[in-house]
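Here the structure comes first, spelled out in structure tokens, and everything after it is commentary.
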Amino acid sequence: MNPRRKKRLTLAVALIVGVSAIASLLLYALNSNLNLFFTPTEIIHGKKDTGVMPEVGQRIRVGGMVTIGSMVRDPESLHVEFAIHDISGGEIIVTYDDLLPDLFREGQGIVAQGVLSAPGVLQATEVLAKHDENYMPPEVAEAMGQTHEKLDYNQEQKSGGY
């Protein structure tokens, strides 16, 4: 092999190795920043279509309804624990160490983002409550089997009268 060909081959191999390394690092970074959405039932039994279950230590988003009577507050700190459930009956525990949103209450739809600290236990870093009594995050509405219903106004409401 002449020196010119050897130099080209070395350059081509170095270029392929460099592009492969960059692609690997990019995919690793994207995977570590990926937050998959799950319902409580999917956390317990896996997703219906793929059977994928979140692993302990994985960052995820969970949506469901706060179970009535499940909220436990620590009087000495901001720590709070509550359960969320979905229409399929799955229920998980969410722990949170910060102030809950003003609109948070039992029986309401929420989305919690955090790390799965144990099977069925989410250590939340963020809790989002719905905006009003008619709003539900799209992921939660889909998981709960609900669809958006358009509000019907009567003529008096449309004309501005109460």
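Backbone N, Cα and C define each Cβ position, glycine as well.
Swiss-Prot has this to say about the protein:
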- 1-8: topological domain 'Cytoplasmic' (TOPO_DOM)
- 9-29: transmembrane segment (TRANSMEM)
- 30-162: topological domain 'Periplasmic' (TOPO_DOM)
- H131, Y135: heme binding site (BINDING)
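Only residues 6 or more beyond the boundaries of the topological domain 'Cytoplasmic' (1-8), in the same chain, are considered here, and none has a CB under 8 A from a CB of the stretch.
DSSP assignment over the topological domain 'Cytoplasmic' (1-8) gives 6 helix, 0 strand, 2 coil.
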